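Novice: Below is the structure I would like to discuss, written out as structure tokens.
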Amino acid sequence: MTKEKENITEEVTAVLSEIVEDDEKEKPQKGKEVLPISESEFIIDNRRYKLVANYREGFDASKFGERYTDILAKYDYIVGDWGYEQLRLKGFFYTKNRKSSPDQKINMLEDYLYEYCNFGCAYFVVECVDRPHTKTKPNRRHKKTHNKKSKQAHVAEKKTKVEKKPTSKPVIKKKQTKEKHSDAKMVTQKETKEFVIRKKEDQ
């Protein structure tokens with residue numbers, strides 16, 4: 001019976017090892033794959049990125065690949081900071097991007113690090129190199145161009161001579177009685193305003 005028990009245990013271990021190998025093969029990879037080009041450049045999700053800042057060796061390519069999502073593809077910069085051994089990613093836009101809110105621009109990076117990150121934590125900044133810089137145009141309202149001929153024809157139909165009616169200018173009558181009365185009041189008020197300063201007597 002001991003030989004039978006040994007055979008059974010060997011068979012069970014073989015079956016269990018096959019199951020474990022199958023599970024490892026079936027597990028999908030988390031995140032995206034990071035392909036390094038050079039020390040500071042790499043490709044992730046068919047986009048080329050450049051490592052701009054790496055404070056306290058905060059950049060870890062494998063962890064960055066795990067945490068990277070498609071939402072971050074729209075940003076010009078990605079900032080990753082470490083807190084409690086967890087990597088947090090946040091996207092930022094170029095400073096000249098008018099469509100983004102002020103707190104999402106890269107010039108607000110220091111404020112973000114002071115406010116939301118642990119003091120002295122390791123962080124890194126990655127810039128998207130492949131993104132085309134959109135030229136910002138000043139907000140000018142352009143006048144619509146219309147056909148002058150059609151506009152003139154439309155106006156020409158409405159042209160008629162307007163006869164001027166003689167208008168008499170309104171005559172403003174001055175009320176002299178009220179003005180004299182108000183002047184008299186002013187004089188009496190000025191005359192009656194006299195101040196006398198007296199010392200307070202001790203009791």
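Positions of Cβ are set from backbone N, Cα and C atoms, glycine also.
TrEMBL lists these features:
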COMPBIAS  134-152  compositional bias 'Basic residues'
COMPBIAS  154-166  compositional bias 'Basic and acidic residues'
COMPBIAS  179-203  compositional bias 'Basic and acidic residues'
DISULFID  C117-C121  disulfide bond
REGION    134-203  region 'Disordered'
Novice: If you draw a 10 Å sphere on the Cβ of C117 (disulfide bond), how many other Cβ atoms land inside?
Specialist: 17
Novice: If you draw a 10 Å sphere around the Cβ of C121 (disulfide bond), how many other Cβ atoms fall inside it, taking every protein chain shown into account?
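Specialist: I get 15 for this one.
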